[in-house]
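J.: First the structure, then my questions, so here it is.
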C-alpha cells in the first residue's frame, strides 16, 4: 500500500507547484518580524524632560539654549553609570512666583528639593499613555503580552490545524491578524492595548507556525530542512524593511496600520494554496488528497500512474504519546531539559539583542539595519555546516560565540563604536544560527510517536523566554546599560555547553521508539550488521 511520499515522488517533490506555494508562504513570514520586534520603534523612548511653562517663556525671551533652560528644571543624576540630566524629576520650584532674569541660569540649585515631573515635553506609545519613569515597566508588558499571545496561539492553532486543516487555520489567522492589528492602532487606553496585543500575537504565531507546517508537508523529505530554514530567513527580510518603514512613519499608530496591511493581501491565499494532502490522508479523505496531488502533478508537468487508488499515512499505528514520555527515561529526560533551555536561551538572547538596539544610544535605524543584515549569513552557514560537520558542534559553537560576543561587547568602551558594533553583530549572527538550528535538532532527537508533542512542549520555552526578555533587558539596563549583555552571555555559554551533551544526529536515521533513544548504539550495530550482511551476500554472488 502506497504512502503519500510515494505519491509525491511521481507528482514532483519540489516542482513548479511547490515553488509557487513556497514563494507565497515565505511572504507570510515577512510581517511577523515587525510584529515581533516592532517594539524597538513603537516603544522607542525619545529624550524627554520635565517642562515648566515659565522657564520656556523665559528661554524664548532670553534666547537661551535648550541645555540652559533644562538646567533649571532637570537635575543631574547617575543613569546606568552615566551622569546626565534626569528625565523624570525636576526641582521643586514655582518659577511663576520666582523672579527670572536672563542671568538666572547661574542660580545655585544644589540644595533645592526635587519632585516628580508634572508636565513632560514629549508621538510614541509611551507618550500617548504616559509610559515613562515609574510606569516604564508597562512598555515591557506591552512586549511580554505579545509573547503570551504567541504561547496560547501555538497550542490553539496547533489544535485548529489538526482539526480543520492547515489552509483553513491560515485563513483564520489572517482574518484575525487584520482585525486585531487595525483595532490595536485605534484603541483608546492601555488595558485595551494589552488585550488586543495578546490577540494579535495569538493570531500571528498561529498563522506563521501553520505556514511552516504546510510548507514542509508539501515538499519531498530531501527539501524539508532547506525550505524550513529559508522560510525562517524571510523573517530576517522583515528585519530589513522595518527600520525603513519606521524612519518615514514616526507615529506608532500609523506604523501599526502599515505593519498590519500585508494581512489584507494574504486573505486570497485560501484560493491559491491547496490543503495539505498529508493532512487529508490523516483524516481519511484520500479522494480529496489524490485530487490535490493530481493537480500538483499537472502543474509540475508530470502525470500520476494509476497505481495509487489507496494511500495510507506515512506512519502506521504507533503508541499514544504522553507528556510523561518526555521525562520517563534518562536520555529522553536529558534531551528534553537541554532543548527546553536552548529554546528559552535563543528567545531571550535573540529578542534581547534586538530590543537593545533601541536603548544603546546610537542611530536606532542604522544600527537596526546593520544588525539585521548579519542574520542572512546564518542560514547559509547552517546549510554549509550541518551536512559536513554535523549538528552538535555548529549548534554549540553558535551559542558559545553569541555568549562570548555579548560579554566582550559589554566591556568595549563606547569610544570604540565600530569595533563594539562588529562584535555585537557577531553575537547576533551566533544566536540567529542557534535559534534556527534548535528547530530541526529538536525534531531529530525524539522518536516518531512523540516527535510533535516533544517539539510543542520544548518550544513553549521560546515564548516564555520572550515574556521574560523585555523585563530582563529594560529593568537591568537601569542599573547598568551593559548588565543585560553579561546575563545574555552567561546564559548562551551554558546553553552551548549543554548542547555538547546531546548526541550527533548527522547520518543517523530518525528514532522510531524510546529504545532508539535510550540504546542508540544497538540500532547502529543493527544497521552496520545489515550493511555487512548485504556486502557479504553481494561478494558471494
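Keep in mind that glycine also has a Cβ here, set from the backbone N, Cα and C atoms.
Per TrEMBL, the feature transmembrane segment maps to 21-41, 141-161, 168-187, 193-215, 227-248, 254-273, 337-359, 365-386, 393-412, 418-441, 453-473, 479-502. Summarising the annotation, TrEMBL assigns domain 'Major facilitator superfamily (MFS) profile' to 97-507.
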J.: Of the listed stretches (168-187, 227-248, 337-359, 418-441, 453-473), which one yields the highest count of Cβ-Cβ distances below 8 Å with the transmembrane segment (479-502)?
T.: 337-359
J.: How about the transmembrane segment (418-441) and the transmembrane segment (337-359): at least 3 CB pairs under 8 Å, pairs 6 or more apart in sequence, or not?
T.: yes
J.: Below 8 Å between Cβ atoms, which of the listed ranges 141-161, 168-187, 393-412 makes the most pairs with the transmembrane segment (193-215)?
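T.: The listed stretch sharing the most Cβ pairs with the transmembrane segment (193-215) is 141-161.
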J.: Do any residues, 6 or more residues outside the transmembrane segment (21-41), come within under 8 Å Cβ-to-Cβ of it, and if so which ones?
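T.: 139, 142-143, 146, 170, 200-201, 204, 207-208, 211, 214-215, 218-219, 227, 230-232, 234-239, 241-243, 245-246, 252, 255-256, 259-260, 262-263, 266, 269, 272-274, 351, 354-355, 357-358, 364, 368, 470.
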J.: Averaging the per-residue pLDDT over the domain 'Major facilitator superfamily (MFS) profile' (97-507), what integer do you get?
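T.: A mean pLDDT of 85 is what the model gives the domain 'Major facilitator superfamily (MFS) profile' (97-507).
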